[in-house]
Amino acid sequence: MAETEHRPTNFIRQIIDKDLSNGLHDAIKTRFPPEPNGFLHIGHAKSICLNFGIAEDYTGSCNLRFDDTNPAKEDITFVNSIKEDVTWLGFTWDGEARYSSNYFDQLHAYAVELIEKGLAYVDFSAQDVMREMRGTLKEPGQNSPYRDTDVETNLKEFAKMTAGDYKEGECSLRAKIDMTSPFMCMRDPVIYRVKHAHHHQTGDKWCVYPMYDFTHCISDAIEGITHSLCTLEFQDNRRLYDWVIENISIDCTPRQYEFSRLNLEYTVLSKRRLIQLVEENHVSGWDDPRMPTIAGLRRRGYTPGSIVEFCKRIGVTKMDNMVEMSMLEACIRDDLNANAPRAMAVLDPIKLVIENYEEGKTETLVAPNHPNDESMGTRNIGFSREVYIEAEDFRESANKKFKRLVLEKEVRLRNAYVVKANRVEKDEEGNVTTVYCTYDPDTLGKDPADGRKVKGVIHWVDAATAQAAEFRLYDRLFNVPNPAAEENFTDAINPESLEVKQGWAEAGLIGHVPEVGAWQFERTGYFCVDKDSTDAKPVFNRTVGLRDTWAKIGE
């Protein structure tokens, strides 16, 4: 393992360092084991970055293993989306993707071994009866009447379960541990259940499937995982993890360690709530840009680097806390500020007519793609007698603090000329639709010759060459920091989380998407092209604003 001065540290890395110094492992091996029954979200990204990051930093390896032990809820669609997300984040798993179902024969053999040792039994108790017999945190459980069934009978009954002789829920295989244990997971947990369902990997071969707690530890051992990293809700289950490994004939003895899961403000991360958002049409789908899924973040314009950086910043601890959404937004803002080329777009347009500019004349102006990075080069932008500006950038009258265009006042058009507003044209409702101006032809790239000061600068697009576009302004999905704490979390949905505007974009953007996947539309925010775009009508998603507007709201 190569030490680096800048490598982050945390309690898990300290454990690994100690294990290596004590000679416990020749190489570090981790795994990321999602269940293929949904789409990954930002919380999974934390685990991905931790497991793959450790493997990378310690010159080890990380497996991608699908915990596919519940065929009724799993699908190959989720398998493919998870692979795509992990790859998109920039990580490579060791060898082929693995599946818990690869080990079904071995898992079944280990279950038989436990029966033979008198450490597992087939229970025909109804599920509600079994639940009642488990007891509570304050009261010990009661032994099942099937707990002392002899080994030979249990082997026969488990064979019948495996052969499909029993219906779902009719019986299950339980580990024989301790019904008086203070830890509920140790009170004879179910390790196999009957399930007559087609499996996306094994087809119809099996009608009994192992439970997660039985599968997890054995799969780790089979793969030679050295450090099995889980979130804190599995802390008590570590006792069951160790019990299984200690009571079967397997050489490898992996160890489980727990860290706090990600809790992020202004969103929800529980699968149940995310499913509800989709099924009740509060969002357009799993990749809705307001969703915390990796697919949603990607569609919104988040870069892999920004998500990895976010996971680095939040760190790894055992403390359960709420992370500010502004931290995630700061990561993408920093990334795009440095790497996104600039362009201009007008989202709420009014026309500006330059009356002393020759009709039919066009110019090609040169604009920098990034004010602080000359290596990004320049671009050509058209300029003619009519341009579009933002409606909010013009007022008929204003105080001195307003540094944009006002009647009888001057302003500079970004990368172009100084113009002066002379008169306006309005619609029947009194809204300004057109501003008539004059321009100073000697101010291209320089200040007025007579020394007058023009302080304001506004963006614009050339009316002759601009492309009509749709702009989707996404914001936080909820208007309270912790929507999960609400009695009905959907009541906290932000009604202004999506605003759609029809405007104009600088020519030439579609077909020339930058490497980072986004632009900074000057003075407006960072935008990416949405999948709904067409050549005739591009659609741009706002990834994030130029600054944190929610910070002001909270003050």
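Using N, Cα and C of the backbone, Cβ positions are placed for all residues, glycine too.
Look at Swiss-Prot and you will find 35-37, 41-47, Thr231, 261-262, 269-271 tagged as ATP binding site. Feature annotation from Swiss-Prot assigns L-glutamine binding site to Asp67, Tyr212; the stated evidence is sequence analysis. Among the features that Swiss-Prot reports, motif ''HIGH' region' is placed at 34-44, with the record citing sequence analysis. Annotation comment: Swiss-Prot describes 268-272 as motif ''KMSKS' region', evidence class sequence analysis.
Structure coloured by features recorded in Swiss-Prot.
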residue : record                   : Cβ neighbours (10 Å)
Glu35   : ATP binding site         : 17
Asn37   : ATP binding site         : 16
Ile42   : ATP binding site         : 22
His44   : ATP binding site         : 23
Lys46   : ATP binding site         : 23
Asp67   : L-glutamine binding site : 19
Tyr212  : L-glutamine binding site : 17
Thr231  : ATP binding site         : 15
Leu262  : ATP binding site         : 22
Ser270  : ATP binding site         : 12
By Cα-Cα distance, the member of binding-site residues Glu35, His44, Leu262, Ser270 nearest Asp67 (L-glutamine binding site): Glu35
DSSP-derived class (H/G/I helix, E/B strand, else coil) of Asn37 (ATP binding site): coil
Nearest-integer angstrom distance between the alpha carbons (Cα) of Leu262 (ATP binding site) and Tyr212 (L-glutamine binding site): 21
DSSP helix/strand/coil residue counts for the motif ''KMSKS' region' (268-272): 2 helix, 0 strand, 3 coil
Three-class DSSP secondary structure - Thr231 (ATP binding site): strand
Residue pair Tyr212 (L-glutamine binding site), Glu35 (ATP binding site) - Cα distance, angstrom, rounded: 10
